[in-house]
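Notes for the one structure printed next.
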Amino acid sequence: MPPGPWESCFWVGGLLLWLSVGSSGDAPPTPQPNCADFQSANLFEGTDLKVQFLLFVPSNPSCGQLVEGSSDLQNSGFNATLGTKLIIHGFRVLGTKPSWIDKFIRTLLLATNANVIAVDWIYGSTGVYFSAVKNVIKLSLEISLFLNKLLVLGVSESSIHIIGVSLGAHVGGMVGQLFGGQLGQITGLDPAGPEYTRASVEERLDAGDALFVEAIHTDTDNLGIRIPVGHVDYFVNGGQDQPGCPTFFYAGYSYLICDHMRAVHLYISALENSCPLMAFPCASYKAFLAGRCLDCFNPFLLSCPRIGLVEQGGVKIEPLPKEVKVYLLTTSSAPYCMHHSLVEFHLKELRNKDTNIEVTFLSSNVTSSSKITIPKQQRYGKGIIAHATPQCQINQVKFKFQSSNRVWKKDRTTIIGKFCTALLPVNDREKMVCLPEPVNLQASVTVSRDLNLACV
């Protein structure tokens, strides 16, 4: 395929990275004696594939052991009775070791007693994106040969969990396909979009590639794939424009990569923290924000999926549905966790125009806001508000009836209504808690009410 706009984009990304971090920053940590590290390539000699498999074990999480053949594995700390996590990085513009990989490995080993194997294909993933794409099939074959060596040692297919980042997610999918979809799990962290959005299921990550396939989407409008590719597909904050990421090109390389890499940091955070990153199935992000998807009954029979090392993502039904889009909101920084609440406002009298009400939750100087729109000639409206603190710690709610009149004309319109809320998932109306007194609102005037909710 001839070079296109995506190739130019990645060359620009490489230049920006060199300008921003290439000539400064801390030196990489010095490997311990007898410990192996990732290879280093550059823009001009990193296109030919050369693969290393680095084993990390719970007893020495910072020391990578180079394991190529069966004898290396037998003489290493590899334990065939434990689960095996295989991490596959994606395209590397400058041929450098991924900045997130060391923390990812340490966090995995702290979170679970397993063998962690990092697949180093720095040589083969560097330079031009399309060259890296061409290496995917060959890399997948090399990884499958390596996994066959693990099976000979007594490892079961179902105990293997591949975690692929960006382009590495599709590598994982192809490896899973070579094993007939019998590997235990594949997690795709913002699977790459360029060259894969319109690819066949045989060429990209797909729900048939493992017993359970999940994908976390954070950059669907740029470097990530925009279509569902697993049994469960998390579209975080709608799958794009992550909070805390730069919104202007002037931010340089961070502008290009922040949304894309948020999936990695979310997953690491889910391993480190107990606060669940829970998501809810819905037809669209807009419908989710409008409060139309309040539980996980359809299709998960009330078991809401969660990001992290949870069996089948917490989904407890068989057979697993495929390509289910689920949505959640997050904060701008770790631990990213947000609680989701339904908010409703019931008008006492119908109106001949749309009614817009801003609702704000307050607790310990932390605020979270959402807007409720009540269509004309309808009695009530609803929406979703996300808050970092548990709902029972929210002690006040503020309302602002937003005027639709001209700025220079004072609007004295008043409305009266009832406010109710409930923490998601909402499986029945009995969970709703309403303010004991009606709320009187005048246009553009903020009104506060105490909110007393019990902890459960």
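Cβ coordinates come from backbone N, Cα and C, glycine included.
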As recorded in Swiss-Prot, which of CYS275, CYS293 forms the disulphide with CYS282: CYS293
Cysteine of CYS258, CYS275 paired with CYS245 via disulfide, per Swiss-Prot: CYS258
Whole-number Å value for how far CYS245 (disulfide bond) lies from CYS293 (disulfide bond) (Cα to Cα): 27
Nearest recorded site to SER166 (active site, nucleophile) by CA-CA distance, among recorded positions CYS245, CYS258, CYS282, CYS296, ASN365: CYS258
Neighbour tally for ASN365 (N-linked glycosylation site), based on other Cβ positions within 10 Å of its Cβ: 5
Close in space, distant in sequence - CYS245 (disulfide bond), Cβ under 8 Å, 6 or more apart: SER254, TYR255, CYS258, ASP259, ARG262
Residue among recorded positions CYS296, CYS304, ASN365 with Cα closest to the Cα of CYS282 (disulfide bond): CYS296
